[in-house]
Amino acid sequence: VRKNYNNCYILSFLLVFFVLILFPPAFTINTLSSIESLTISSNRTLVSPGNVFELGFFRTNSSSRWYLGIWYKKVSDRTYVWVANRDNPLSSSIGTLKISGNNPCHLDHSNKSVWSTNLTRGNERSPVVADVLANGNFVMRDSNNNDASGFLWQSFDFPTDTLLPEMKLSYDLKTGLNRFLTSRRSSDDPSSGDFSYKLEPRRLPEFYLSSGVFLLYRSGPWNGIRFSGLPDDQKLSYLVYISQDMRVAYKFRMTNNSFYSRLFVSFSGYIEQQTWNPSSQMWNSFWAFPLDSQCYTYRACGPYSYCVVNTSAICNCIQGFNPSNVQQWDQRVWAGGCIRRTRLSGSGDGFTRMKNMKLPETTMAIVDRSIGVKECEKRCLNDCNCTAFANADIRNGGTGCVINTGELEDMRSYATGATDSQDLYVRLAAADIV
């Protein structure tokens with residue numbers, strides 16, 4: 001009996017030993033200091049307060065390349081929200097993240113720096129430490145300073161393909177620094193892909209989804225409440241737009257922080273906001289484009305025409321305009337758009353009011369936030385190049401002035417009754433005013 005007992009004990013020990021070798025347990029820490037490190041072999045990770053996010057090493061299913069990234073710790077479907085070395089992976093399983101000389105570096109087996117924060121400053125009397133915050137932000141700070149304004153470095157300033165609540169996409173008009181999202185190469189390759197989602201300041205800041213030089217989607221300008229072409233549901237989340245000190249920025253906040261939510265650029269070329277459903281253990285799509293509707297596609301209809309969802313012909317000419325090529329228009333080829341029935345004369349010109357619109361592209365627009373709609377109308381009539389005008393901000397009955405001086409492109413009409421859409425006033429010759 002004793003012999004059998006000993007054999008069982010030995011077999012159990014060997015089984016546990018081999019399991020630990022094949023599947024090493026993950027050890028977590030909350031703060032990384034200069035006396036600690038994360039290595040691939042130790043399977044050690046850095047965890048945020050509340051165990052929401054986790055930072056560590058990972059590799060893709062189809063390769064032996066290793067990356068340093070952040071993912072949701074409690075989400076069963078491993079979902080990465082940030083990758084430090086997405087375009088410079090480790091080629092072997094020997095890698096270390098450590099703080100060295102007040103600078104956390106990601107090193108491969110030959111002590112060559114694969115990724116670094118490039119941080120050179122720090123308070124020698126207060127050692128530098130690194131944390132993953134509850135919102136998923138990986139930060140470096142002096143050990144005696146927890147204030148956000150004192151962060152020495154943060155991953156939120158270097159987004160990859162995902163926007164988290166409180167994370168900003170921004171454009172600095174002074175330095176030209178643009179923080180934007182870039183898609184993955186594929187579902188199993190986190191390197192930089194073909195699609196980007198960025199804020200273009202132009203006359204009125206707007207978001208563009210693009211693939212190289214090709215524009216795929218335009219959000220519409222900020223109307224004081226939201227970007228006119230972006231869905232917004234105050235029950236789940238709401239948008240925040242910041243414009244100050246030569247810098248424009250956008251972020252979203254959750255109305256209930258117990259929900260996990262993310263906005264990301266897909267490797268297949270669309271923008272999607274998802275929320276995690278713990279009951280079904282699945283990500284639910286809150287909205288996605290340009291998949292939701294053909295009207296989301298950039299310039300789905302040509303000049304001086306607008307897109308309408310759920311109609312037999314999605315493209316319609318503005319009042320006072322006719323298809324530039326009737327035969328193509330009848331064949332549902334709308335790229336040529338529409339042309340005026342009557343040329344503008346400057347004398348007797350007026351306007352047709354188009355309600356609930358996504359404003360046309362603002363590349364050639366003139367913006368004056370100091371005047372109202374009446375003065376805006378006068379300025380448009382006095383400018384022979386003016387083709388349309390609108391309020392810049394729909395709050396408080398409408399303020400500011402946007403004057404379009406080029407062709408009206410990429411417009412869309414929304415459902416009647418929308419409370420946060422804009423009206424567009426298109427200039428017409430007297431003969432075409434109804």
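Each position is counted from 1, following the chain as shown.
Just so it is clear, glycine is given a Cβ too, placed from its N, Cα and C backbone atoms.
Annotated disulfide bond per Swiss-Prot: Cys376-Cys401 (among others), in sequence order. In the three-state DSSP classification, Cys401 (disulfide bond) falls within a strand.
A 10 Å cutoff on Cβ-Cβ distances gives Cys386 (disulfide bond) a total of 20 other Cβ atoms nearby, all chains included. Under the heading disulfide bond, Swiss-Prot lists Cys384-Cys386 (among others).
As annotated by Swiss-Prot, domain 'Bulb-type lectin' applies to 31-153, with the evidence given as sequence analysis. The average pLDDT computed for the domain 'Bulb-type lectin' (31-153) is 88.
Across the domain 'PAN' (338-429), DSSP helix (H, G, I), strand (E, B) and coil residues number 12 helix, 35 strand, 45 coil. The domain 'PAN' feature in Swiss-Prot is assigned to 338-429; the stated evidence is sequence analysis.
Per Swiss-Prot, the feature N-linked glycosylation site maps to Asn43 (among others). Counted within 10 Å of its Cβ, the other Cβ atoms near Asn43 (N-linked glycosylation site) come to 15, all protein chains included. The secondary structure of Asn43 (N-linked glycosylation site), as reduced to three states from DSSP, is coil rather than helix or strand.
The annotation N-linked glycosylation site is assigned in Swiss-Prot to Asn61 (among others). A coil conformation is recorded for Asn61 (N-linked glycosylation site) in the three-state DSSP classification, outside any helix or strand. Its Cβ placed at the centre, Asn61 (N-linked glycosylation site) has 6 other Cβ atoms within 10 Å.
Sequence annotations record features per position, and here Swiss-Prot assigns N-linked glycosylation site to Asn111 (among others) based on sequence analysis. Secondary structure at Asn111 (N-linked glycosylation site), as computed by DSSP, is coil.
DSSP classifies Asn118 (N-linked glycosylation site) as coil under the three-state reduction. Per Swiss-Prot, N-linked glycosylation site is recorded for Asn118 (among others), and the stated evidence type is sequence analysis.
Mapped onto three states, the DSSP output places Asn256 (N-linked glycosylation site) in coil. Of all Cβ atoms in the protein chains displayed, 10 besides its own lie within 10 Å of the Cβ of Asn256 (N-linked glycosylation site). Residues or ranges marked as N-linked glycosylation site in Swiss-Prot (evidence: sequence analysis): Asn256 (among others).
Positions annotated as N-linked glycosylation site by Swiss-Prot, on the basis of sequence analysis: Asn310 (among others). Around Asn310 (N-linked glycosylation site), no same-chain residue at least 6 positions away in sequence has a Cβ under 8 Å from its Cβ.
All protein chains considered, the CB of Asn385 (N-linked glycosylation site) has 12 other CB atoms within 10 Å. For Asn385 (among others), the entry in Swiss-Prot reads N-linked glycosylation site, with the evidence type sequence analysis.
The signal peptide annotation in Swiss-Prot covers 1-28 and is backed by sequence analysis.
Cβ-based neighbour count (10 Å, all protein chains) for Cys376 (disulfide bond) stands at 24.
Here the domain 'Bulb-type lectin' (31-153) is broken down by DSSP into helix, strand and coil counts: 6 helix, 51 strand, 66 coil.
In the structure as shown, the Cβ atom of Cys401 (disulfide bond) sits within 10 Å of 26 other Cβ atoms. Nearest Cα neighbour of Asn61 (N-linked glycosylation site) among the listed recorded positions (Asn43, Asn118, Cys376, Cys386): Asn43.
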